[in-house]
Amino acid sequence: MGQKHVIIRGAFILTLAGLLTRFIGFFYRVFLSHTIGAEGMGIYQLVVPVYSMAFSLTAAGIQTALSRFVAGKVAVGDKKGAKSIFLSGLIFALGLSLIICQVMYHNAGFIAASLLKEERCIPLIQLLSFALPFGSVHACINGYYYGIRRTEIPAVSQLVEQLVRVGSAYLLYLILLEKGMAVTPIIAIIGMVMEEITSFLFAGTAILIHFGKEKLSSLGRVSWIKNIKSILALSAPLTANRVLINVLQSIEAICIPLRLRLFGLDTSSSLSVYGVLTGMAMPLILFPSAITSSVSIVLLPTVSEAQATGNRSRIAQTIQATIKYSLILGILFTGIFVTFGSDIGMVLYNNEMSCSFIRILGWICPFMYLNATLTSILNGLGKTSTTFFQSMAGLGIRIIFVWFVIPAAGITGYLWGVLASQLFTAFLSAHSLFKEIPFTFNAAEWLLKPSLILLTGIGISFFTSFVLEKSGIVLPSLLSLILLVLVMSSAYIALLWLTRKKAAAG
């Protein structure tokens, strides 16, 4: 199978599973917003960055490092070396996760009361700590499978764990409802714990079957210390990057409600605003990124393999295709969220606040999708320190907006900070890649043409709405929204295809 087809196949499998997972997860968020409310969503979102930070410390960087090293070993035919470095990373991550789990559990009171300023988070943090070892092992196994291009295992695991997460939370909700007890954010936390346990069992079973009856001794002498040193050399900047991101998320979780109080809101309203932003608007904006996230995961080992074999032209072609399709996808969803943001917010959440959040956040789509894929290519080239410092710069912008702009402009000021951060880091990523591997950027084809075609698609959707209104056809709000979005998207894709065909013919 050619390299192009390997990327397409892997990305397709992950994208399909990712879209299904995000589709389920998106409506799960809608379910949570109606059961635990905006304030409950805010409390839940306060806890999530704590777990994300703990996970980043234990496995996030190691997963990426394993993917790269395994891909490099497989590329030169060293399958035993690939398994050896996988086992080294797995054991190290498991040991580290058990330590962090204990720290997280026994310091839940301090984290909740002193850092998050919300004591209702204490039992949530304690319960969530038990998920950490399971999640770390699962992440390492996924890293191995990404490295050997077996994306179907992580894809199925992703879908299964999401189903278990939603099913567990919904079952607990029904039990609480039947007993007449209050429904709290604990249902979402239990869902997360069950999700990690299930993914551990699924991925663990898959890797045991994959290795078959092969014994550890068959690998020969494993250089544990050497392997762990290699993993740490690559994963340390990645881990620092992830931890820094989660530090920012924790700072946001603490500072956004605090700075909103300076804007004039009370504690409950501040948590509600934070809950609407992180529990309603952002998941919607992130929903299409299932595509770019899947491509990013497949790109890393692909670029690593191309670098190992000295194929720089293939890397340049990968960069150009990545930029082109990330921008085309991002521009489409900017059009959808900016044009229909108000309708989407009311139809899905019946929340006016979410409408303005969706419209503003819609502008970040091209830069967010582009940044995710370019960062993955940089990591695949081993430029983890570069991505670390770029993330620091972007996060610095967000912190400035959180601290200085929110008290004056409210949450809208923070949203524009997110936009500025994504724009800046996307530019830095592209600049760093160009210095490493020169490539061609076709602004007319990748930016101007899609933007003009998008305006045409929006015009066609407005005309469709006008025709329906004049014809006296009244559709339910949800059906009308779906129809207009489909009309605009179809026009956009069709016109891009037609102009592509003409360009090819000419």
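Cβ from N, Cα, C; glycine included.
What TrEMBL lists as transmembrane segment is 12-31 (among others).
What TrEMBL records for 43-65 (among others) is transmembrane segment.
According to TrEMBL, the feature transmembrane segment maps to 85-105 (among others).
The transmembrane segment feature in TrEMBL is assigned to 125-147 (among others).
Annotation comment: TrEMBL describes 271-300 (among others) as transmembrane segment.
Counting same-chain residues at least six beyond the ends of the transmembrane segment (321-340), those with a Cβ under 8 angstroms from any Cβ of the stretch are 284-285, 288, 291-292, 295, 299, 358-359, 361-363, 365-370, 372-374, 377, 430, 439, 441-442, 445-447, 450-451, 454, 457-458, 461, 481, 484-485, 488-489, 492-493, 496. Taken from TrEMBL, the feature transmembrane segment covers 321-340 (among others).
The transmembrane segment annotation in TrEMBL covers 360-381 (among others). Counting same-chain residues at least six beyond the ends of the transmembrane segment (360-381), those with a Cβ under 8 angstroms from any Cβ of the stretch are 64, 68, 238, 281-282, 285, 288-289, 291-293, 295-297, 299-304, 307, 315, 318-319, 322-323, 326-327, 329-331, 333-334, 336-338, 341, 387, 390, 412, 415-416, 418-419, 422-423, 425-426, 429-430, 432-433, 436-437.
Per TrEMBL, the feature transmembrane segment maps to 388-408 (among others).
TrEMBL lists 446-467 (among others) with the feature transmembrane segment.
Among residues of the same chain six or more beyond the transmembrane segment (473-498), those with a C-beta under 8 A of the stretch's C-beta atoms are 328, 332, 335-336, 339-340, 343-344, 346-347, 449-450, 453-454, 456-458, 460-461, 464-465. According to TrEMBL, the transmembrane segment annotation covers 473-498 (among others).
Taking Cβ pairs closer than 8 Å, the transmembrane segment (43-65) reaches residues 32, 36, 89, 92-93, 96-97, 100-101, 104, 111, 116, 118, 120-121, 124-125, 128-129, 131-132, 135-136, 139-140, 142-143, 185, 188-189, 192, 231, 234-243, 245-247, 249-250, 252-253, 271, 274-275, 278-279, 300, 379 in its own chain, all 6 or more past its ends.
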